[in-house]
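Copied from TrEMBL, the annotated features are:
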- 1-26: region 'Disordered' (REGION)
- 120-139: transmembrane segment (TRANSMEM)
- 145-170: transmembrane segment (TRANSMEM)
- 190-210: transmembrane segment (TRANSMEM)
- 230-252: transmembrane segment (TRANSMEM)
- 264-282: transmembrane segment (TRANSMEM)
- 294-314: transmembrane segment (TRANSMEM)
- 335-355: transmembrane segment (TRANSMEM)
- 375-396: transmembrane segment (TRANSMEM)
- 408-429: transmembrane segment (TRANSMEM)
- 435-459: transmembrane segment (TRANSMEM)
Amino acid sequence: MDSQYRSDGQNQPGHSRTSTANTWIQAPGIPQSSIQYSSEPLYFNGRQDENGYPIDMKGKQASYMINEQSIQTTPVDSPRDSLDLEKQNKGMDAIPHDPHMKDPNQPKIPFGQRIKHFTWAWYTLTMSTGGLATLISIQPHAFRGLISIGAFFYVLNLIMFSTLCIMMILRFAKFPGSFKESIKHEREGLFLGPFFLSVATIITSTQKYVVQAYDMNHPTRGWMVTSISIAFWVYTFSTFCLAVFQYSFLFVGHTYLLTKFMPSWLLPIFPIMLSGTIASTIAADQPVESRMPILVAGLGCQGLGFTVAILMYAHYIGRLMQVGLPNREHRPAMFIGVGPPSFTCLALIGMANALPKDFDLQGDGLLDGNLLRTMALVVALFLWVLAMWFFMIALVATLHSRPKYFHLGWWAMVFPNTGFVIATISIGRELKDETILYVGNGLTIAIVVMWCFVLFCNLRAVWVVDIMYPGRDEDVED
């Protein structure tokens, strides 16, 4: 009798296809040499028991998983390891090598050559400064002169932003081809987001310190309100294109291992998410006919950014569970995770409050402005606690092993947290709770102190050549 059977019980020599699936099988105990092969290979070629039956190894070995070490990553000048060295070397007597350790004998290079390493990550400075200016403008329990302090940060941010743009232009002009390389680089390219985030903070700060400084009947206010509206739409279109095309390039142009997930992977989606924040800031001063389209677009963009962030959070938590915390030098970047729920929280409250007083979606008195404002507050409370959880996780991780060498990612300790404090103040105002508002005042002071500290470390790092030097910036893999 032939050793091959069909599942319908009919023996047909030379045929081994089942009636239900295109699967080749071998009868147990029959030597393979006695099998009549067709031109097609056997379907199963794995391990078998003593009777010839296939052994189910799914879940018992890692053969069904991708061997990430065999994947050829993008070539770089000086690759580093972003894993948690403490967890990786736990129980080992050898002292782990710190890939971020600075060479005390590194040669000096002229400042003109150091400009080559002036990366897009520098815009984290201006997005943090602009965020601080916006935070100061909405302070409860304001005192006389507070608006002048906020205006100082607003003007300082404009000066910083212009300076950074000039430095970037010098880099691209002095080193031809560096612009294309910077936006295609697997690490530096992610920091295109902070450039647009800086623009977002400039728009919101301009609304607070320029547009609202004019009386309602001032002739200049009309065209400035229109200009802010135009800026919103240009920003929304540009950042949507960034979110689409940059992620499309990253999906096919680079290989990112999930075991090395960092919150900086969220940066390309961050700018479009802040369209909702801009809408919540400028909509109340817009005419009703242009206000509603801004609110609709802002809500949609905020939903896009937050939804993508939630999807990313799943990989982020998985990475933390599997390989531990990031390298000591990159733990401040964990505060980026505070941003999406915080900015969504304040955007929902702000956009709900910007609705017209007589707003009624269907005209039946059911879905009116009061109901939407209540819903916004409930969702905001839900998201605010999530943001606080991410904040505490990042805070504990950073304090557990404080970074030694400055990286521009330290500015993540300022900008996402400004959104968290603004959300806290917004909730306090909605609940009319003075305790929460005073907590917002205290957190604002902490943010100002942190801004001063990171700025000092940033300037010092440039002076002692900890950054803007080959292998020390975001233009290398890390």
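Along the chain as shown, the residues are counted starting at 1.
Positions of Cβ are set from backbone N, Cα and C atoms, glycine also.
TrEMBL labels come from automatic prediction, so no person has curated them.
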Quiz item: So which residues does the transmembrane segment (294-314) touch in its own chain, when a touch means Cβ under 8 Å and the partner is 6 or more beyond its ends?
Solution: 229, 232-233, 236, 239-240, 243, 261, 263, 265-266, 269-270, 272-280, 282-283, 286, 337, 340-341, 343-344, 347-348, 351, 354-355
Quiz item: Can you find at least 3 Cβ pairs under 8 Å between the transmembrane segment (230-252) and the transmembrane segment (264-282), where each pair is 6 or more residues apart in sequence?
Solution: yes
Quiz item: Is it true that the transmembrane segment (120-139) and the transmembrane segment (375-396) have 3 or more Cβ pairs under 8 Å, skipping pairs fewer than 6 apart in sequence?
Solution: no
Self-check item: Folded-back contacts onto the transmembrane segment (408-429), same chain, C-beta under 8 angstroms, at least six residues removed
Solution: 119, 121-122, 124-125, 127-128, 131-132, 134-135, 138-140, 197, 263-264, 277, 330, 332-339, 342-343, 345-346, 349-350, 377, 380-381, 383-384, 387-388, 391, 398, 435-437, 439-440, 443-444, 447, 450-451, 454, 457-458, 467, 473-474
Quiz item: In terms of Cβ proximity under 8 Å, which residues at least six beyond the ends of the transmembrane segment (375-396) contact it?
Solution: 331-332, 334-335, 337-338, 341-342, 344-346, 348-349, 351-352, 417, 419-420, 423-424, 426-427, 430-431
